[in-house]
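Got a structure here, written out as C-alpha cells. Questions coming.
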Amino acid sequence: MATGDSLEDIKIEIDDDLEKIPIEEVFKKLRCSREGLSGAEGKERLKIFGPNKLENKKKEHITLRFFALMFKPLSWVIQAAAIMAMLFANGDGRPPSWQLFLGIVCLLIVNTIICYLKEDDAENVVAMARAGLSPKTKVLRDGKWSEQEASILVPGDIVSIKLGDIIPCDARLLEGHALKVDESALTGEFGPITKGPGEEVFSGTTCKHGEMEAVVIATGVHTFSGTTAHLVDNRTNKVGHFLKVVTEIENLCVISIAIGISIELIVMYWIQRRNFSDVINNLLVLVIGGIPLAMPTVLYVIMVTGSLRLYRTGTITQRITAIEDMAAIDVLCSDKTGTLTLNKLSVDKNLIKVYSKDVEKEQVLLLAARASRTENGDGIDAAMVGSLADPKETRAGIREVHFNVVDKRTALTYIDSNGDWHRVSKGTPEQILDLCNVRDDLRKSVHSAIGNYAERGLKSLAVARQNVPEKTKESSGGPWEFVGLLPLFDPPRHDSAETIKRALDLGVNMKMITGDNLTIAKETGRRLGMGTNMYPITSLLGNHKDDIIAYYPIDESVDGFSGVFPEHKYHIVNKLQERHICGMIGDGVDDVPSLKKADVGIAVAGASEAARAASDIVLTEPGLSVIIDAVLASRATLQQMKHYTIYAVSITIRVVFGFMFIALIWKFDFSPFMVLAIALLNEETTKAITMDNVTNPSPTPDSLKLKEIFATGVVYGSYMALITVVFFWAAYRTDIFPRTFHVRDLRGNEAEMMCALYLQVSIMSQALFFVIQSRSWFFVERPGELLFLSFVTVQTIATTLAVYASWETARIEGIGWSWAGVIWLYNIIFFFPLDIMKFGIRYILTGKAQSLFDNMVHLVLNSYAKLSWRILSNGIYNHTQADHTYSLLEVSTPPSQDLRGVGWV
C-alpha cells in the first residue's frame, strides 16, 4: 500500500502525459495494478485527490440574492410608484408623503422576504432531489466488482465501462474489443468514435457500444471536462412555454394598468382639470393594486413544491418546467424491454432447440452460460448463468483464456481438462447464423423456430462453438458449428397492464416502440392490454433502416411499432409532436435521442446513466405506476399555477377598471394607503396559495392556455369591478342601504365611504380564490386548510380595520359593525354568480358541459337573477324615480317582468 508521502508524489506526477505513455508506465506512475486498489488505498487517495465531482457553484451572498429579488422587472413599477409618492403625491406645497413612501417600501420588503424564503426552500428541494441522481459506476476494489458512487473514484482505480454508461472519469482502456464512444458532449461532433486498448476516454462521454475495463487517470476537476453534471444541467435550464406564459400574463397586467393610467391622465388632468396630486394618487392606486408583484416567484415556488410532491412519489424532476409538460401529455411512447417488461430474462428449458448432433438441451444451456460473464455481466449473462443448476458449472473443468464482446454477441476462448482449446459464442440468431455460414435449409428451420417462439412472446438467443487447434486467443479457429436456440422470456412488470389502463382513463394514449419483431410486439401488447394494432417499421420506411418517416402520417389508432432502431424512435416522437404533447419512456442508450426529443423524457428506475442524463424525469421506484402518480401530481401542480394566474389577472382587471370608473364618474379618490393595505394583507394569502393542496386535478391532459387564463381573468375581473362600482353608487349616491338595513347614510361622508369600499374590495378579492380553486361548485370541494385559515385571518383584520380605523393621513373613518355586516351580506350575495360564471366560461371555451353541474347553469342563472331582483329592485326603482340625476341604471323593466337574458353573469 502506498504511503501518504508516496501518494503526494503520485499527485505531482499526475500532471504527466498519462494519456500518451504506454499503459504499463501508467500503472507504474499511479502505483496500482490490474487487480485494482484496496478499500483502504481508495480512502487514502480520496483524501489526496478529492472527490470525483466538479465544485458546486457557490451560493450568492444573502444580501446579493435579497437585492436581486427586490429589483426584478415588475418591482421597478412599484419602485417608480414609491418615488412618485415621495415627490408628487401631496402637491400644493405640502410636505412629501413619506408615510405612503414607507408603506410602498414595506410592501417591497415583505414581498422580497417571502420570495427569498420560498426560493430558499425551493433550492433545498432541488438539491435533495438531485442528490438521488449521483452517477454510479462499477469499480474493482479488494478484488471484487461492486457498484459505487462515481464520486469515490481515484486515479489508479479499475472501472468497467459498458453500453449505456456515461464515463465518470478520464481513463485509459485495457484489453478487450474496441468501444464506440459518443464524444459530442465534449467536442460538439456527432457520431460514435472507436476506442481501442490503450486509448483514452474522457469524463462525460457516453459508451455507445461494447464493454471494456479501464484504469482511472484523472478525476473531478483534474479531468479534461467533467460534464456528467453538465449533461443534467442542460436539461434543467430549458424554460420554453412556461416563460412565455408568465411573460404574456405580465404584459397583460402591465398593458391593462397602462391603459387605465392613460385614460385617467387624459380625463382627469386635461378634461376634468383635476388637481395634479389627486391625479398622482389615483395613478398610484392602479399601480400598487394592479401589479402582480409576486407572480414569477409564486409560480416558480409552486412548480418546485410540485417537484417535491413528485419526489415523494418516486420521481426526480431534472427540468423543473417539465411538470407543466407532464400535465399536458396525451401520448406516451414506451420502449418495451426494461420498461414495460422487467428485463429479467428466464430460459424455458423445455423449448430449447438443438441443431448439433450428440448435444443435449442442458449442454446448449451450459455453452451459453460459458459465453457469459460470471461477474459484472448484463441481463442475458445473468439469465444464462442463473439457469444452471449450479452456477459454478459455468467455469468448472476449464481455464478461461479470453472473453470478448463483439457486435451483438459474446465469445469465450477456454481450455478444457484435456488441454484442448475451444471457443463458444452466444448472440442474436442472425449474427450467429452468419458466423456459422449455415445452409439455407438450416437457416429456414431456425427462422421457423424463432417465429414459433415469437408467437408466445419469447425472444431467441443462438449458441455456436468451434475448436481452436492453433491454441492462441488471436487465431480464427476452425469452422463454427450452430449448436442451438434458446427461448428467453422477459415477463411484463406486474403493474404495466394496470398502468396502461389508468393512463387511458386519464386521456393518455400509450404506444409501444420496440426493436423486437412484430409477433413479439403484438403478443406483448395483447398481454398488457395496449392493443395489437402494431406495424413493423419497414412498412413505414421501406427496407432500409436509415430512411426517415418525415412525411408519414402516424395514425393515432396505431398501438406501436416493431423492429425500430434508435433513429426511428426519434423520428416517431418528432412526428407525434406535430399534433400531441409527447412523452417517451426509456432505459437504455438506444433511447437517448428520443428521450431528448420528447416533450418529457422519462427514465425508469435502473436506467443507464446516458438515459438518465438525457431525461427530464427519472423514476427512482420500480414499476410504471409511478408515472401515473407523476401525471396526477403534475396536473395538480398545474392547477395551482392556473388558479394563481387567473387570480392575478382578475385582480389587475378589477383594480384598474373598478377604481378608474369610480374616480372618473364620481371624482372619488380612493386612498393609496388602503390599496397598500390590501396588497400587504394579500401577501399572506399568496403564501397560502403556494402550499394549497389540489385534491381534484384535471381528469384529462391540461396546460397553461393563455386564452383560458385571459378570458377567465378578464370576465371575473370585470364582474368584480362592476359590483364594486354598483356598491359604491348604491352606498355613496343613494339611500338604498340605509332604508333597507337601517344603517347610517354614507352620502357625502368620504372617510367612512373609504373604509366601506376598502372592506368590500378586500373581501371579494380574496373570496374569488375559493371559486377558482374548485372544479365543481365552491361549496362541494373543501379548500385547503391553510388557504381557508389565511382568508379568515386576513378578513378579520380587514373588517376590524374598517370598523374601528380612524386615520387622517389615509382619509379613513370607521364604519361600525352594522355597515360591516351589510358589506359582508352584499359580497355573499354577489359572490355566487362568480361560481356560475366558472361553468359558463368553461362551456364557452370547450364547447361542451363538463359535468351535471354545468347542465344546471341556465336554470340557476335565471333563478338567481330573479332572486337578486326581488332583493334590490324596489330600492333601485323607487330611487331612480326620486333622484334620476344620480341614477347609474336606467330601469325601464317593471319588477315583475321575466329577466331571461339579463346580463348578471
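Cβ atoms here come from the backbone N, Cα and C positions, even for glycine.
Automatic, uncurated: that is what TrEMBL annotation is.
TrEMBL feature annotations, pasted as is:
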type	residues	note
DOMAIN	17-90	domain 'Cation-transporting P-type ATPase N-terminal'
TRANSMEM	66-88	transmembrane segment
TRANSMEM	100-117	transmembrane segment
TRANSMEM	252-271	transmembrane segment
TRANSMEM	283-302	transmembrane segment
TRANSMEM	644-666	transmembrane segment
TRANSMEM	709-732	transmembrane segment
TRANSMEM	753-774	transmembrane segment
TRANSMEM	786-807	transmembrane segment
TRANSMEM	814-834	transmembrane segment
Could you tell me what the rest of the chain brings near the transmembrane segment (753-774), counting residues at least six beyond its ends with Cβ under 8 Å?
639, 643, 646-647, 650-651, 654, 658, 662, 668, 670-671, 674, 677-678, 681-682, 685, 689, 692, 694, 696, 716, 720, 723-724, 727-728, 731-732, 746, 780-781, 783-784, 787, 791, 794-795, 798-799, 801-802, 805, 810-815, 819-820, 823-824, 826-827, 830-831, 834-835, 838
Near the transmembrane segment (252-271), which residues from the same chain, at least 6 beyond its ends, have a CB less than 8 A from one of its CBs?
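Distant Cβ neighbours of the transmembrane segment (252-271) are 77, 278-279, 282-283, 286-287, 290-292, 648-649, 652-653, 656-657, 660, 663-664, 710.
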Going along the chain, which residues at least six beyond the ends of the transmembrane segment (814-834) come within the CB cut-off of under 8 Å?
716, 719-720, 723, 727, 737, 741-744, 746, 752, 755-756, 759-760, 763-764, 767-768, 771, 799, 802-806, 864, 868, 871, 904-905
Hey, which bits of the same chain come close to the transmembrane segment (786-807), Cβ under 8 Å, at least six residues off its ends?
673, 677-678, 681-682, 684-685, 687-689, 691-692, 755-756, 758-759, 762-763, 766-767, 769-770, 773, 813-817, 819-820, 823-824
What average pLDDT is reported by the model for the domain 'Cation-transporting P-type ATPase N-terminal' (17-90)?
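Averaged over the domain 'Cation-transporting P-type ATPase N-terminal' (17-90), the predicted model reaches a pLDDT of 75.
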